[in-house]
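If you look up Swiss-Prot, you'll see 1-27 marked as signal peptide. Taken from Swiss-Prot, the feature domain 'Cytochrome b561' covers 28-229, and the record attributes it to sequence analysis. For 63-83, 99-119, 136-156, 165-185, 201-221, the entry in Swiss-Prot reads transmembrane segment. What Swiss-Prot lists as heme b 1 binding site is His64, His133. Sequence annotations record features per position, and here Swiss-Prot assigns heme b 2 binding site to His103, His169 based on similarity to another entry.
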Amino acid sequence: MKISKSLWSVMISILFYLTSAPPFVICSSLEVTIDNHSPSNLKTKGSLEQDKLSHQMINSIKLHGILLWVSMGFLMPVGILFIRMANKAHENGIKVKVFFYLHVIFQILAVVLATIGAILSLRTLENSFDNNHQRLGLALYAAMWLQFLTGVFKPSRGSKRRLRWFLLHWILGTIVSIVGIVNIYTGIQAYQKKTSLSRDSSLWTILFTVQVTCLVFFYLYQDKWEHFQKQRVVLDELDHQNNNTNGRNNQSIQVVTRNDHEQKVMVPQPCRKSNALVNLFKLI
């Protein structure tokens, strides 16, 4: 798919703004002017400034987590669901186009939000890359852009490179989506260790687990949707056959009932008195 010049210009302008903008969190200078204040007042002022900085840092961590949650935890998996739904709706050309463009839009939004989250992390947070969350996040960021570029520069249909491109795009997309979800869990754990807010981290873990469960359920459901439709057709045919069989059985039962009725209404034959000896001699 060829990306239009307007789309490229929008993305380049966004990235240029993000890289050239001032930091998201501007820390005030820590210089203290010594005047007639007492040492206790200076200590109180320093502690308040440290608390303010800590509060700003926590807000930056939360914003970073929300951006990456929406990007890799929601938009990217939903975009994968859209492209799979497009493959299922191959008989309807309109649905294929709608699902395909939804896939493209969701993936572009995911890349933009992940880029904002990465820049926020590099400019305002401590990035020593001494833990698994930061290392995995850096690798994911590189893989995500590689995946995006493979989606942009894809070969035309019928090309010899089409199969290799498809395998690369599919494998990268699957890995980035799964590892991105795992890294969100590691990010929640890192947030708990850094801020000691176990209540917030537990709530976020529960909410994210519920969301992932819903996405997995919908993925499995749409994957078996065609099978469910075929099973419903088979069941309808069986019900129709059973109804026809029951109808034929009812007709035969009515015939038998009519014959019995005819036997019942037959003209009775006149009977005569006889004894056992007469019957015995007739048999002999």
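Each Cβ is built from the backbone N, Cα and C atoms, and glycine gets one as well.
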Between the stretches 63-83, 99-119, 136-156, which one has more Cβ pairs under 8 Å with the transmembrane segment (201-221) than any other?
63-83
Chain residues outside the transmembrane segment (136-156) and at least six past its termini with a C-beta under 8 angstroms from it:
1, 3, 68, 72, 104, 107-108, 110-111, 114, 118, 121, 129, 162, 165, 168-169, 172-173, 175-176, 179-180, 182-183, 186-187
Pop the Cα-Cα gap between His169 (heme b 2 binding site) and His133 (heme b 1 binding site) into the table, whole Å please.
24
For the domain 'Cytochrome b561' (28-229), report the average pLDDT of the model, please.
83
Set of same-chain residues at least 6 away whose C-beta sits under 8 angstroms from His64 (heme b 1 binding site):
Gly117, Leu120, Ser121, Leu125
For a quick check of understanding: among the binding-site residues His103, His169, which residue's Cβ has the most other Cβ atoms within 10 Å?
His103
